[in-house]
């Protein structure tokens, strides 16, 4: 996953350009969360974080979206609030996490409030001793609020870990007897994430008020303590990308469903994870829903995800892969009938050749609303909970946006949070057979994005040597004139089993690339998901085979059929891998062993087959290499090897080093340098800039 990205450039007759999006504007523009809708479906909350280049400060505000009219207004709280849950006696009652705690350094606090009240008057209901996050809550029949959160936990007793209060060790050395040593961007310590349950008990009325007071009853309970991790210790959310989507609280508040890595397998060698059920009060140990010795199908051995309770509490839906060491295998839909902690698992729409990523239930508990990628955009589908194997779900949100999240409303429609290359956030209402109702779109509100329009992207298909249709997206600069020629940015996406379509990104914003005066293309070559599972699987042990010929075929099509460019001029690569034999410096060993179809000691020829290092004597194209010290997915040695070889061969080359970044560049000022460096390198080598930037260059 995300092993490398690169771009090659071709050049024809250059045309002047007008930019509708700048680097500074893209990085400073508001970054909005997805919409968090209230129980009636009338209101939704979202946060927005902007950056000021003058003050070098970011600021976060919260907003209320009227789901009927699309109008927004400021919420009565600010950046101290990190998470909000709609819950309580009224339709506008909330429970929220305040990211600071006046009583405990490094802790957080829970507050209740009513957004519909004339005066916003939050009430402190719990002071929590660690930086808990991932709040989910249910109001029980008694009026109490059962909730779950997650935090790092101590390895010895399972209590919550607070880094601000932790003792500082006298030595910096650590000893490992098993993998992982490090994962993506972090060296592994003994602490693991765990979910904790708690109860806010409804007490007496406040003096002179009809409002009752909530208070924390007892201490929070670590719900993972009963799982026997014979090889791998349990962890929820599963790192590094897990969040509160890895667990769910039943509608009656009595049972928690969660996923964790397979306790009997090495997490560095296998992708397997299982769903568990555990009482909210922690009175019994967690019981697996799938995995060995359960009712789940025997073929279901891989990673699980997205456990979701039905509104009536009788069923639990989730996804799971078959492959035990393949992260890009197809997610299949499952529904478990639940009776207490007992479960019976059934497969749903088993033959559907798609890989659902998230799901929600319809209000009547009969249908699953499923987000799944199709042709490089995440879209919505509806699947009956008891759908037969042959059932073929139909997409109803279309290809013009890609979903970030959605909520099923009481009226049977969906509130969708999405993006596209022309807008960083769009909220709209959608249901099958109905026209989309747009409530909000960022490019109509944000000054930084106001010149962006959906007409600036298109796509075409070319048949490859295997007879598979290959889709390519094309992004045009503002005021594009088809009678003129433009530099062609031929972007090669990473992964390699990932897609790059018409979505918004602050790391790889193809609209921003186009606004440099380029026509930008991104090819969904063999191995890209969302076209068929067989198409994705074909990249195994084939990185430099069919995917490469796909790229060549599309490039030749562009060369002879469109006015974009003519010949290859330059290359840049970021976090790229050059030495396949050194692949074992990575973290998730199952990734490279699957894609190379074996281990380096038993199948070395597979690693050498597509090894760029073996072809390094042919390097002639000017290259700009970017790498970071904190990238443990692809070690910085990969970038250094590439640069050193280029320098030794006398090939024009430049190396941009970030000591404090990881596999991705996240600091806005570093991202500004990243973009400026890349675009200047490109413009210099295609003749648009007279010289390379010198700021920050080390003079030898």
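Cβ coordinates are placed from backbone N, Cα and C, and glycine is handled just like the others.
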Range annotated as region 'Disordered' - as stated in TrEMBL, picked from 221-243, 244-266, 267-289, 290-312: 290-312
Kindly report the helix/strand/coil residue split of the region 'Disordered' (290-312) according to DSSP, in that order. 0 helix, 6 strand, 17 coil
Summary of DSSP states over the domain 'Peptidase S9 prolyl oligopeptidase catalytic' (581-687), given as helix, strand and coil counts: 57 helix, 12 strand, 38 coil
